[in-house]
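Trainee: Attaching a single structure in structure tokens format; questions to follow.
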Amino acid sequence: MAKTIFEARRWASLFLEENNRETNVGMLLLQHHMGMSRAQLLAESRSELPEETWSQFQKDIEKHAETGVPVQHLIGSEEFFGRTFNVNNHVLIPRPETEELVLGVINRLRQKERPLRGVDIGTGSGIIAITLALEIEGLSTHATDLSIDALNVARENARQLDADVHFSRGDFLESLMEHNEKMDLIVSNPPYIPERDRESLEDVVEKYDPDMALFADDNGLAAYKKIMKQVPQVANEGALLAFEIGHDQGEAVSNIIKDTYPQSEPQVEKDINGKDRMIFAWI
Ligand code: GLN
């Protein structure tokens, strides 16, 4: 018997609740499978689902209930800064905290004269680079990643969103150093979780994120140290550094920046949850 949108939602909601999962996942998956907004689904609650859609929807709900696989992986996309980005298991799922990092960059670069050149290190799905390229007029945007699979996702996102980003493969800033490129902005959400915290991670999304996007040696500081070794070869004078950081890494990362740029005054800022989450420094 064909199911209506209403019946499908009710089935999913009850099934998810029984399995102690968030019930809003049903709505998100239905939006995806029907290609409809929430409002449309509500307005058309008596319409029937095509047989094929109903069975795919059921499979996804059951898979989520059983394994906890994040809805972003089932749908293959996530929203970031008002746009939809493709994601898969080769990239970190975009987090809302990173929107705050991007906003911090946009606000600071407002006062600067154009043209400007910027790079996003370890771009993953490309969210930071693509958003900056689209939001900041006159910013020539570069993005690097070590993972070819991640770069494929980022390139496709840039194509779909019509963003002009120069992607290159390399370890942190290496590909820019090879071409003697100079930047006015260096931004990154690098891996920063200490390896020893792996077991205690509760966020289920992290179980599906690539390790190389999450974990770093040296108490989670290895990436910042590596980046700061390369920065002097790439940064123009007066460039802006902007990094996402772990909640307890403000002081350590500030010191890493000051080791290379003693006169800089790194600013640590909190995310919406009141945790230290980003650091900005003019160098
Ligand atoms: N904010 C991410 C998390 O804790 C970590 C991302 C990162 O290491 N850059 O899930």
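Note: Cβ is positioned from N, Cα and C throughout, glycine not excepted.
Because TrEMBL annotations are produced automatically, they should be read as predictions rather than curated entries.
The model shown is predicted, which means the values in this text are computed figures rather than measured ones.
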Trainee: Just to be sure I read the record right: Gly122, Thr123, Gly124, Ser125, Gly126, Phe172, Asn189 are listed as binding S-adenosyl-L-methionine in TrEMBL. Which of Asp145, Asp162, Asp164, Asp209 is listed for the same site?
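Mentor: Only hit among Asp145, Asp162, Asp164, Asp209 in TrEMBL's S-adenosyl-L-methionine site, alongside Gly122, Thr123, Gly124, Ser125, Gly126, Phe172, Asn189: Asp145.
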Trainee: Listed S-adenosyl-L-methionine-binding residues Gly122, Thr123, Gly124, Ser125, Gly126, Asp145, Phe172, Asn189 - what's their greatest C-alpha to C-alpha distance in Å?
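Mentor: Roughly 15 Å, rounded to the nearest whole number.
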Trainee: Cα-Cα separation of Gly126 (S-adenosyl-L-methionine binding site) and Pro191 (substrate binding site), in Å?
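Mentor: Cα to Cα, Gly126 (S-adenosyl-L-methionine binding site) and Pro191 (substrate binding site) are separated by 15 Å.
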Trainee: Mean pLDDT for the domain 'Methyltransferase small' (114-196), rounded to an integer?
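Mentor: 97, rounded to a whole number.
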